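S.K.: Structure incoming, see below.
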Amino acid sequence: MELLEGEREEILNQVSEIVKGYDDNRENLIPILQKVQKGLGYLPLLAQEKIAEALNIPPVDVYGLATFYNQFRLNPPGKNQVQVCMGTACHMIGGQIIMDSFERKLEIEEGETTSDREFSLERVACVGCCAIAPVVVVNDFVEGNVSPLRVDGIILQLQEGNEDTNSLEGETEDKSLENKVERGNNE
C-alpha cells in the first residue's frame, strides 16, 4: 500500500527512536517489531528496511519474521476494523459466506485494507460467541447472527459514521425476512 503524504518521515523518525534503545543484535528483532507496530499500527516495508539496516541483517529476514507471526500487520489498519470469526461454529453456519460478502462489498481480500483506509478485513479464530454464530467483530463490538444481507447494512452504517452497528437500517428487513422464513410465510 502506498504511503500517505508525511508518513515516510514519521516512519523513519519512529523507527530511529525505537532502535536507538537496542543493540544491533538479531535477538532484538521481535521486540523492535512489536514497538514499531504499536507506534505505527503496522509494519510498512520502509520500517522493515530501516530495522534490518539497524540490526545489520538482510531485509528478507525481517520480512520473513513479520509474515511468520500473525501478530504483525503488513498493511495499515483501516479506520473500521472488521474481523470475521472462522471458529468451528461460525465456519459451519456460514462464516466463509460472510467473509466472501465483505470481500465483494469492500473490494478487498482478507488481510487487506481499502485504498482509502476506511476498512480493514481479517479472519480470526473463535471469539467465544458460538451461540450467536456467524459472528463478526466490528471495531471491538460483537455482531451476532450475521447474514449476507446484514453485511451491506453494517458497511453502510460505518460509512455513515455510525459505530453502533446494532441499530442497522438493513437489520429490520433482514430480521423480518428471517421471521417470515421461520413462520413459513412467503409474502
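Backbone N, Cα and C atoms are what each Cβ position is placed from, and that goes for glycine too.
Keep in mind that this is a model prediction, so the values were computed, not measured.
For CYS85, CYS90, CYS126, CYS130, the entry in TrEMBL reads [2Fe-2S] cluster binding site. Taken from TrEMBL, the feature region 'Disordered' covers 162-187. Residues or ranges marked as compositional bias 'Basic and acidic residues' by TrEMBL: 173-187.
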S.K.: Would you count the other CB atoms within 10 A of the CB of CYS90 ([2Fe-2S] cluster binding site), including those on all shown protein chains?
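M.R.: CYS90 ([2Fe-2S] cluster binding site) is surrounded by 27 other Cβ atoms within 10 Å.
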S.K.: Out of CYS85, CYS126, CYS130, which has the highest number of nearby Cβ atoms, where nearby means within 10 Å of its Cβ, if these are the binding-site residues?
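M.R.: By the 10 Å Cβ neighbour count, CYS85 comes out on top.
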S.K.: In the same chain, which residues outside the set CYS85, CYS90, CYS126, CYS130 have their CB within 8 A of the centroid of the CB atoms that define the [2Fe-2S] cluster site?
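M.R.: So the extra residues in range turn out to be MET86, GLY87, THR88, ALA89, HIS91, GLY95, ALA125, VAL127, GLY128, CYS129, ALA133, PRO134, VAL135.
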S.K.: DSSP secondary structure for CYS126 ([2Fe-2S] cluster binding site), reduced to helix/strand/coil, please.
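M.R.: Where CYS126 ([2Fe-2S] cluster binding site) sits, the three-state DSSP reduction gives coil.
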